[in-house]
Each structure stands twice: as C-alpha cells, then as structure tokens.
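What Swiss-Prot annotates here:
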BINDING   98, 101, 113, 117  Zn(2+) binding site
DOMAIN    221-237  domain 'UIM'
ZN_FING   33-73  zinc finger
ZN_FING   98-117  zinc finger
C-alpha cells in the first residue's frame, strides 16, 4: 500500500499545472476587464481588494481625492495599485477561441486578432439596432448628435471619449484657471452651450465619472438624470 501511494504521488507531481476553471469557453471571460469588457491590457491590481483592471481603464479613478474600486466600491490607496504581473504571465500562456473565427489565440494577442478578424467585423456589421438598457416610453430619434467623443475646451484636442477627456484635462490642464464650457454637458438636451464652469476639473471629476449615454433617459432634466444615472450605476455593481 505504501508503495502504491508513493507511485500515485510521483505521478501527480509530474502532471502539468491545470489551467483556469471553465475550459476554453470561459477562459476569455475570466480575463476580461470589468470596465471596458475586453481582455486585460497592461493589467493592474488594487492592493486592498485585489480587483484587476486594465491600467488605462483605472486611470480616471486615480485622479479623484478619495478613489473607490469600480467593482466593489471600497476605498483604496492609489499608491497601492501595482502591475498585475501574474495576470500578464497568464495572458501570455493561455489560449482561447476567437469569438468570430474560433481560431485559438493567446489572450495577450486577442485584442489585436479581434481588431482584424473578418468574422468579428461581419458580426459587428450585423448587430441589432441599439435599444436602451432601461425601458422607456420615449421615442429614440435616429438623428441624435454623437455624444461619444468630445473636444477639449482648453486646447481643442478632438476625438476624446469621456474617460480620455477626463485623463487629458487632468494631465494637461490641471493648473489652467480659465473658465470653460463643459463639452459633455453642452451636448445634452438640457445643456447650456454658453455656461462656463468656474472649476471645470472639479465638475468633470464629480459629474462625469460614468457615461450618461449608458444610464440616462434624456426626457428628464439634468439633476434628475444625474441622480437616476448615479443610482443605476451603483445598483449594477
């Protein structure tokens, strides 16, 4: 019996380490950033709660005085956010099938592959028409302005999405005293294109840490929309 146990133990030691649970089908989901919903890119981990995000995705959270984890909403020390080297190693080791052509690709190269995969592009072209995440009785016009990108009110830099605008203004215009119009608010139905914020950076970090387009019913006024969007954002986490 002792010899049998010894042989079993020896065989177990020679077996390669198992990959993540769930097999190939759930592999990509296990390494998906909760913010951008894509495979991690340059992942970082919050020291206190251990949650992992793409480095760029977490950046806007690091610009506020008292940052909260986007996933669990617990406060964390921005100085204790470290590069998730163990996750990076796993991204380079594990393969998963492309969601379009089913070709197996290492997770570290999945974003690049998907961006050029003809099957994925074909699927995207055939996507159903957008519908709101919250039911609404209001009609959805087809000619609404594109609120996805904005221009910097300080220097005019264009094609910035909401997170990029926050990051750009914090990094490039932190000390700029000029009063400027918020391009995000002015694009809203209730927005006043002539109203200039006395402290635009504070306004940007307070009001625009989430996307209005994801949560807002545009038929209600600004304050009601903000409160509704904030409540829905919190309820989803």
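For all residues, glycine too, the Cβ spot is worked out from N, Cα and C.
Counting only same-chain residues at least 6 apart in sequence, those with a Cβ under 8 Å from the Cβ of residue 98 (Zn(2+) binding site) are 104, 105, 110, 113, 114, 117, 119, 120. Averaged across the zinc finger (33-73), pLDDT for the predicted model comes to 89.
Of the binding-site residues 101, 117, 117 has the largest number of other Cβ atoms within 10 Å of its own Cβ. Long-range contacts of the zinc finger (98-117) within its own chain (CB-CB distance under 8 A, at least 6 residues past either end) are made by residues 24, 27-28, 31, 38-41, 88, 90-92, 123. Break the zinc finger (98-117) down by DSSP state and the numbers are 10 helix, 3 strand, 7 coil. Other residues of the same chain near the Zn(2+) site, with their Cβ within 8 Å of the Cβ centroid of 98, 101, 113, 117, are 99, 100, 102, 103, 105, 114, 116, 119, 120. Summarising the environment of residue 113 (Zn(2+) binding site), the number of other Cβ atoms within 10 Å of its Cβ, over all protein chains shown, is 16.
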